[in-house]
Amino acid sequence: MTVLAPPRPRSLLDFQDWLPERLSALLDNADTMHQVLERPVRKVPALQGLTVCTAFFENSTRTRISFELAARRMSADVISFAAGASSLSKGESLRDTVEVLSAYKVDAFVVRHPASGAAHLIARYSGKPVINAGDGRRAHPTQALLDAYTIRQEYGSLAGKKVAIIGDIRHSRVARSNAELLPKLGAEVVLAGPATLLPADLAALPGVTVTTDPKEAVHGAHAVMALRLQQERMNAGYLASLQEYVERYQVNEALLREAESGAIVLHPGPLNRDLEISSEVADGPQSRILKQVENGQAVRMSVLYHLLVGRD
């Protein structure tokens, strides 16, 4: 009996339907895209004739610019949709907005939205490939992919590597996406933060451990990721005080000494310097924070190519 392979995912909303082999292929292809970005002329015609709409219903600097550059590097046309200047402010529904944009013959959507699950709705309404650029607390898959790519770039593989993620896990779509992705690629993930900022459901994911002890999390880690305290998403009562948080959970030189020698430091940005991460570590020799930003473009080029052009 012939066993058919699962179909290629049409969208990148999260990692639920993505097999490890496809994820590895995305990262392999990012190497090719990285080579394109090293050329004197950093452009290829791979998406010529296609239109990508970046629909951001929430503020973004790195992700929006990275996606728009990625699409243009591959010769796609880009429609940049800003929710604040749209008919949404006049009461138009999300569904109607998406259907109007689809009528302009858009080939794919890149979506950021403050509501968890919004990217899934837009995929349903548009009938087009959708890349989730962050929806509420739920998922930010391309950030996790570029984090994985940065770690792989350093070590050659994620297999057997320990990744510690420290901070506001509860409100972080980045933490959730990394917790889903990295074990699929062979890494061990340890999430650490105050008990009030640790959602219990993540402990049930394969390859993921949850602790309130940052030293335990960082011990023997090959990569240490600091997360921003998302105070804009918090109500009162999550933290006793910021000072107490800094003393216990800040990723600084003292905490980093618990990690593997030469462990790399990551942060998805934006940084709150000297809150979740010390300036000495953020700017130090083990930091790969700017490398993450650089790698984001190659990874997002790979994702766009995979969804719009790639063939099995």
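Positions of Cβ are set from backbone N, Cα and C atoms, glycine also.
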Listed co-binder of carbamoyl phosphate (same site as Arg62, Thr63, His140, Gln143, Gly269, Pro270, source Swiss-Prot) among Arg39, Arg95, Arg112, Arg170: Arg112
Neighbouring C-beta atoms (10 Å sphere around the C-beta of Arg228 (L-aspartate binding site)): 19
Residues flanking the carbamoyl phosphate site, with Cβ no more than 8 Å from the Cβ centroid of Arg62, Thr63, Arg112, His140, Gln143, Gly269, Pro270 and excluding those residues themselves: Ser60, Thr61, Ala133, Gly134, Val174, Pro268
Close binding-site residues near Arg228 (L-aspartate binding site), where close means Cα within 10 Å, chosen from Arg62, Thr63, Arg112, Gln143, Gly269, Pro270: Gly269, Pro270
Candidates Arg62, Arg112, Pro270 (binding-site residues) - the one closest to Arg173 (L-aspartate binding site) by CA: Arg112
